[in-house]
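Positions annotated as repeat 'Solcar' by TrEMBL: 4-77, 89-171, 180-268. For 6-27, 48-69, 181-199, 244-262, the entry in TrEMBL reads transmembrane segment.
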């Protein structure tokens, strides 16, 4: 990648991530409360719908920027030569690039996600007090509780979303005979995001439960199969897919804004 492409990916990714997270924050709060162990209304219901927004504001730009820089760099490196440079290997390249991008982004995203979700589930506290409480109880390590479950949610999500997004863009551009407009890339992103969101909802439920669990509890240990089994045993299939509607809506609309904004800003900068 040239320096100009690198900077455009960084700025476009950061802007897209921050715009989506702040615009659709209320939907994310509703989803978190639906998935919390204490239940929707005990977690705050529709009150304090913007609880935890400072944490999202701080983490969204750098984590989205880190994802797209890693995604575009990896795509560029893998496509430069070798077996993965062939057109038929493009989905594999996109899967690998997206997976690596998610791992890098999670290093920034997870601490802000922990603070954000705990504040969302306790709307009568502030982001600052939630952060202090997390550091006091578990130290910096506590801010990375749920890192494994987040990565294990994000990688399958990206394995579905990004290859599907790239495939839909290629298919649409071939049919109309020219490169897609930004809004068309956004439509592809919305569809790909909705599919990926529904498929990975159980993993999102597990991640939420782990992040919200009390320090020292069995659930806080981060054992994903154990958490999923516990949810299945107590709430069945409904529990595993709790919050799937707001999650699909959030990610579908978010995918439209996120990937559309990314394409628009990146093309403008290039």
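Glycine is no exception: its Cβ is also placed from the backbone N, Cα and C atoms.
No curator has checked TrEMBL annotations; they are predicted automatically.
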Fill in the blank from the handout: For the transmembrane segment (244-262), out of 6-27, 48-69, 181-199, most C-beta pairs under 8 A are with 181-199
Practice task
Could you tell me what the rest of the chain brings near the transmembrane segment (48-69), counting residues at least six beyond its ends with Cβ under 8 Å?
Solution key: 6, 9-18, 20-22, 25-26, 28-30, 101-102, 104-109, 111-113, 115-120, 122-125, 127-128, 130-131, 258, 262
Completion exercise
Within the same chain, the residues 6 or more beyond the ends of the transmembrane segment (6-27) and with Cβ under 8 Å of it are 49-50, 53, 56-57, 60-69, 71-73, 246, 249-250, 253-254, 257-259, 261-266, 269-270
Problem - the repeat 'Solcar' (89-171), counted residue by residue under DSSP: helix, strand, coil - result: 74 helix, 0 strand, 9 coil
